[in-house]
Amino acid sequence: MFSRNHRSRVTVARGSALEMEFKRGRFRLSLFSDLPEDTELQRKLDHEIRMREGACKLLAACSQREQALEATKSLLVCNSRILSYMGELQRRKEAQVLGKTSRRPSDSGPPAERSPCRGRVCISDLRIPLMWKDTEYFKNKGDLHRWAVFLLLQLGEHIQDTEMILVDRTLTDISFQSNVLFAEAGPDFELRLELYGACVEEEGALTGGPKRLATKLSSSLGRSSGRRVRASLDSAGGSGSSPILLPTPVVGGPRYHLLAHTTLTLAAVQDGFRTHDLTLASHEENPAWLPLYGSVCCRLAAQPLCMTQPTASGTLRVQQAGEMQNWAQVHGVLKGTNLFCYRQPEDADTGEEPLLTIAVNKETRVRAGELDQALGRPFTLSISNQYGDDEVTHTLQTESREALQSWMEALWQLFFDMSQWKQCCDEIMKIETPAPRKPPQALAKQGSLYHEMAIEPLDDIAAVTDILTQREGARLETPPPWLAMFTDQPALPNPCSPASVAPAPDWTHPLPWGRPRTFSLDAVPPDHSPRARSVAPLPPQRSPRTRGLCSKGQPRTWLQSPV
């Protein structure tokens, strides 16, 4: 039998040795209760479990390949986060039990070791070059094989991912535009990068098999026959029945494969672009295999908190240069590699220029000393820096011994952080805040442009006239005089349009586009009836040259049927 403490979420067996220790008073049940950080981790774990359930339902309801790829990617990320959170939660529980039960409260152990500050780590400008073969990149003129790839990044128990990228042989590298930021990292961090990929045209794909076969048939049988076969296949697939030549494909979710991975540490941090080696984890027989070059290019930056946030502040007295008895009272702020001295505490918040700036770097020497106590200022702090052959020393005074100890502790902690974060404390590296993730773009149609073009018989003389006038490119500022014959029509062509300046064709030769359209006797409009023509005013007298222009005018206006 078990008794559960619902408040602390601890299960203790009745009659067990642990319960006997509780009764004897050696242990307290609160030692095994959840800490605030453990509660937050448990909340994240519950959230990812719900996200995984939603991803499974979404994957089962997907009807398009791109939707299935995104759902499978979300499912893989959720599973990775769940495993990471469970492992971290178990590790914290074990450390909590071992740390609090290994020694009794009366035991006096060694003081706690100094720990470095935390920081932020950001990776951006991720590029993975590809190495295509000549037969695949230059000589392959068939259908494009496509892959869907993304990066999974893990730092400690935190896992993030990039957007999904579609890759084919037209790309020379895989470029990820998003910046990935980890807000909680130590100087001993290990950032693991994993590249996952899935073939878009994988066997068992949701769509695409019958269409690819129809494309091949249309190209092999010819334009007319192939178009009829392709139309029959499309109609069969759209009506819900099975295609004529292929059975219904088996619906199954895509599968991502691990293609390559690498691990980046503090040594890889640099305020610039850098290349790192990749460990390939896939072979050429894998359907998701990509010709990776074996390296990844990125910018890895880090910002320790000691470089971006103040570590100590308080009232100080600074000795003026060359004056032993003249001390100026300032407000000191230790931030990054500088000790800023302001006239007033408000100046630090408003961004005013400091009165004095004292450098504090890895080469700085700090010494605490005491002057004559009769002067009333016994607690001093000396900061020395070497500038070439000269040594500059600034002497500071604190108000009490506790304030002096506080400043010394802050300075020693800063020196320890510099020794752990190394090159990250030379200067502040720029880190951009990641932009919100954009929704995934729909997959673009791929295939031959020849089969995607709708080629119809060119029996419309208006379409041919537009093509000819676009090639000529000439324009008329005013409409031609023969356009007055067609003023009774409801829609007139624009005189500035390219169609009004088409060259006059020679009607003595057969037309290359076939027989033009003619007027139908059954479809004469009311304004073109014989009665309307009998009362219409006669056109003005024209010269023979003008009459020639009327007879050889724009074919679009006098040959096109108004029906």
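Backbone N, Cα and C define each Cβ position, glycine as well.
Record check of SER218, SER384, SER520 in Swiss-Prot: the feature phosphoserine is attached to SER520.
Considering SER232, SER241, SER534, the record held by Swiss-Prot lists SER232, annotated as phosphoserine. Looking up ARG14, ARG120, ARG192, ARG471 in Swiss-Prot for omega-N-methylarginine, the annotated residue turns out to be ARG14.
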